[in-house]
Amino acid sequence: MKPLHLKLNNFGPFLKEEIDFSKIDNNELFLISGKTGSGKTMIFDAMTYALFGKASTEQREENDLRSHFADGKQPMSVTFEFQLNHRIYKVHRQGPYIKEGNTTKTNAKFDVFEMVDGKYEIRESKVISGTQFIIELLGVNADQFRQLFILPQGEFKRFLISNSREKQGILRTLFDSEKFEAIREILKEELKKEKAQIENRYQQIDLLWQEIESFDDDKIKGLLELATQQIDKLIENIPLLQARSKEILAFVNESKETAIKEYEIIEKKTLENNILKDNINQLNKNKIDFVQLKEQQPEIDEIEAKLKLLQDITNLLNYIENREKIETKIANSKKDISKTNNKILNLDCDKRNIDKEKKMLEENGDLIESKTSFIDKTRVLFNDINKYQQSYLNIECLITEGEQLGDELNNLIKGLEKVEDSIGNNESDYEKIIELNNAITNINNEINIIKENEKAKAELDKLLGSKQELENQINEETTIMKNLEIKLDHYDKSKLDLNDKESFISEIKSAVKIGDQCPICGNEIQDLGHHIDFDSIAKRQNEIKEIEANIHAIKSNIAVHNSEIKFVNEKISNINIKTQSDFSLEVLNKRLLENENALNNQRDLNKFIEQMKEEKDNLTLQIHNKQLRLNKNESELKLCRDLITEFETLSKYNNITNFEVDYKKYVQDVNQHQELSKEIEDKLMQLSQRKLIEQNNLNHYENQLETYNNDLELNEQSIEMEMSRLNLTDDNDINEIIAWRGEQEELEQKRDTYKKRYHEFEMEIARLESLTKDKELLDSDKLKDEYEQKKEKMNTLIDEYSAVHYQCQNNINKTQSIVSHINYLNQELKDQQEIFQLAEIVSGKNNKNLTLENFVLIYYLDQIIAQANLRLATMSDNRYQLIRREAVSHGLSGLEIDVFDLHSNKSRHISSLSGGETFQSSLALALGLSEIVQQQSGGISLESIFIDEGFGTLDQETLETALDTLLNLKSTGRMVGIISHVSELKNRIPLVLEVKSDQYQSSTRFKRN
């Protein structure tokens, strides 16, 4: 991420300010300088706030960022443009505030844009979703951004000196290690659940074991006394328990089957004795009833004689009944013939009346024919009547319009002739304008080249003078530095390392005496006198330091001058003096004026000719349009006259209205005549059809009557023959027999019932005699008592068996459940063993006493320290290295950092470092942290980094080393910005973003030293 442009409104001390970072060339190292409180850090706050809605330091709240001098009606807002992965984005964030005069807060706003084809297109327009979009785009949140892109005032030192708990919070945020702690909690909960499930499984096994039925059997009771925790023993005892339960069930089942067989025997004997008793009683009763039935035999014989006579007279009765039906049909046929004749007479009368109407209608036929002919001839006129009507209406208007168009056309022709006379033989000359323009352009180019060359020569002279001055300064400073180095070489440097050991030597002298062994060299002490002049050593050491400081300052100045000479050389190489014309500026300006005047004159002439041509074209177009309109008028006038002639010729009318009235009247008369004619024809056709139908009906009825008369004659002959056969002389004999017909059904039923019962008695008596033959009837009471005893015994044993069988099956189900629980428990213990071990390891119960999260954080910290030591070695002249404190870890320990001193070959606490050494270590650690986070995050693009304060604690040499480190960052393609009050940095860093304050508001500007 590389800043391009920052715009602040009412933000901190900036009421309305813009910072253009595009002025920083080639990721140049630059300094942000200004007085305390001027708002240098606020620039970092603005970037962080624009992206995440937070300041660059955790202590500053959003409400603290708004300017106290802001207009109460204006919001606080930041607009930040930046480049990421060769794509340009812009964010605009407006903070929430209470507008002056309102009581409710105006909500925050946030918009994210991306540049596409040179224009910004919106990507998000909501605060929450927009901030999330930025987090996903950059690949970091606000806390990670502070550690990677912006190292705020005092923030990057905090990570170096913090304890394990504080480092854990920082590293947890940067590397998202909370997920490992979440894994530990999940495993802990899973372990708790598994233990609860296992305990519940043991309880279920114990409950099932206690519920097993013992049947009051000593062997089963002995098996059930086993403790349920001994699941292996339970598995061994379950088959024994099931086998003993089956033995008990088999014994009860054998007793039950014996009782059932005894019950079935007595039940069968009792049933057979009861059936025999019922059969004997039934046989005696049937014999008595059969004797009584036989007494009805004479009456049945008389009934059969009557039924025979009724059967013989049936044919005669059918013939008599048929005669009555035929006589009824003959009477009905005669009635139908009479009705049909009357209908035919009425139809003939109706036809005569309609014939009269038809004759009257035909008398008007000639008149209707003439009207029909008129309609056919003028139908085409009537269908297009509006066209002819419009012709009568338009003809006068068209005549007037034609005369007017003729006058206008003549006027336009006269105007065209006048314009053509004005143009004459003149023509536009655009090639001459092009030639004059080219000449003017060439003259201007020659004038510009002369002016640019004069300016370039002046700039070149100035740069060469500056370069010569810088080279002279370098030569002078080089001479001074060589003299100082010669002077430094002549100093006596012996015993200088004893300068700060005076107190140490005094302590040793006070602790030893002459003749003792020296604790330093091991030799015998000969003298305790003063052999070292510490004042002289200190004086020489101060003089040497002063010379070294002067040499270092001169080297720094030479480096600055070399950098400035390089910058001047780049500017000189960019100066280009072009080849110019031999003419003077005065001659060129005169030629330029002449060509410009000629150009203006030609343009005016061309403009006049074009205007005349345009007017000519316009008049020509108007004449053409007028001619078209005149032609159209003449065509329409001719059409109107032709239509009027056509109408009057065909219709013989000269009035449209009269024609329409007569035409419609004729159409109405013809339609009425045609409808009436059709109606009469339809009526005649209907009458003819109806008469034909009635004539057919009459023929049918007459044929029926003849058929019925023949049937009646044949039926009479059959009646006479039957009466002769039955010896019947008259109708009285027949009527007497017919009277019996009302009782025939009753007589037949009585006869059939008698015969049926007679046969049933014979069959039943024979059956019962066969069932009771040779059989002895036993004592019923005695049999009943024995039956009840056997039944009660059987039911008792069946209930006992059912209970034992249910309990045995229940025992089997419970033992199967116990086996299933035990198998599941064994498998569960086997499967969860790895989870138990993993949960203990993750929770810190391992050989290092480290939780999973702390183990991961230690890994990342080691990576960060290794990366930081690469720079710290350079900055500390290979003296210091950061190391992680190797202590027995537990919980949150293991993240403390110590420093290893290669001079003493010992590690010591980080707080023992001086202020400058602490800054070196903090900077190296912060840069290492930044690079490791970038490696782990993958998508993060670190194209810039900003550092706030910390350089004031460094001496000259250390400052140079720190700057070299930051310059190395610049060479890797990263923009590096520094906030500092150190004046030396202003001389070392040529580009400065200066922040000025007038106690009311602040402003910024880029300047070069």
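Cβ atoms here come from the backbone N, Cα and C positions, even for glycine.
So that you can see what the record holds, here are the features copied from Swiss-Prot:
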BINDING   G34, K35, T36, G37, S38, G39, K40, T41  ATP binding site
COILED    176-364  coiled coil
COILED    401-501  coiled coil
COILED    535-805  coiled coil
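The record gives G34, K35, T36, G37, S38, G39, K40, T41 for ATP. Within 8 Å of the mean position of their Cβ atoms, the other Cβ atoms in that chain belong to P13, M42, V995, S997, S1002. If you draw a 10 Å sphere around the CB of S38 (ATP binding site), it holds 20 other CB atoms from the protein chains shown. Of all the binding-site residues listed here (K35, K40), it is K35 whose C-beta has the fewest other C-beta atoms within 10 angstroms. Within 10 Å of the C-beta atom of G34 (ATP binding site) sit 19 other C-beta atoms, taking all shown protein chains into account.
In this structure, of the binding-site residues T36, T41, the smallest number of CB atoms within 10 A of the CB marks T36. The sparsest Cβ neighbourhood within 10 Å, among the listed binding-site residues (G37, G39), is found at G37.
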